Amino acid sequence: LIFIMHLQEFVTVLVRDPRTQKEDSWHSYIDYEIFIHTNSMCFTRKTSCVRRRFREFVWLRQRLQSNAVLIQLPELPSKTPFFNMNNPHHVDHRRQGLQEFLEKILQDALLLSDSRLHLFLQTQLSPEDMEACVSGQTKYSVADAIHNFASLNRRFPVEDEERKKGKNDADSDSESSSSGLGPSDDSVSCGCKASPASEES
């Protein structure tokens, strides 16, 4: 008699740890850590952690919608002109909206088949580099990009303990956030220190 255990597939996504990043002397933005833990066969890596900013979420939604025209995608939190980076309530409201957006996206099998979604969630490539990778214009494949990013950036949630000990602290600010796979204009490795700032670009 053979018993086959069927494990229920799950995808846990957390959007957390909003941090202010300085773009230049005048402009700043907030990025958020996206943590994925899953046993789904759809994912190249079962645990990952990247940082993304609001406009990258906007890009992702546009690209997913253009590739799945029959699906009504969930909305992102509205981009209000009154958004204040220094207001914790505003920032947390947006963080919750981004998490709800990803939770709904990850429940749709058709959207889960889009390589851009996986590059967005499991690499630190810029939107331009993600597009190039998906269109076959790069030397590396989608799976290569995800594996290479993970091998260069192992700071997953268990790394919070390491961060407290100060391990690799000096390296995190200078580490290439594009993982050597191409330029990345505004992405930041997990664990980077926040910079003081006052306005969102």
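Heads up, residue numbers simply count up from 1 along the chain you see.
Cβ coordinates are placed from backbone N, Cα and C, and glycine is handled just like the others.
Computed from a predicted structure; not experimentally measured.
Residues annotated as domain 'PX' in TrEMBL: 10-127. According to DSSP, the domain 'PX' (10-127) comprises 45 helix, 30 strand, 43 coil.
Among the features that TrEMBL reports, compositional bias 'Basic and acidic residues' is placed at 157-170.
The annotation region 'Disordered' is assigned in TrEMBL to 157-201.
Marked as compositional bias 'Low complexity' by TrEMBL: 175-189.
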(message) Taking only the residues in the domain 'PX' (10-127), give me the average pLDDT of this model.
(response) 94
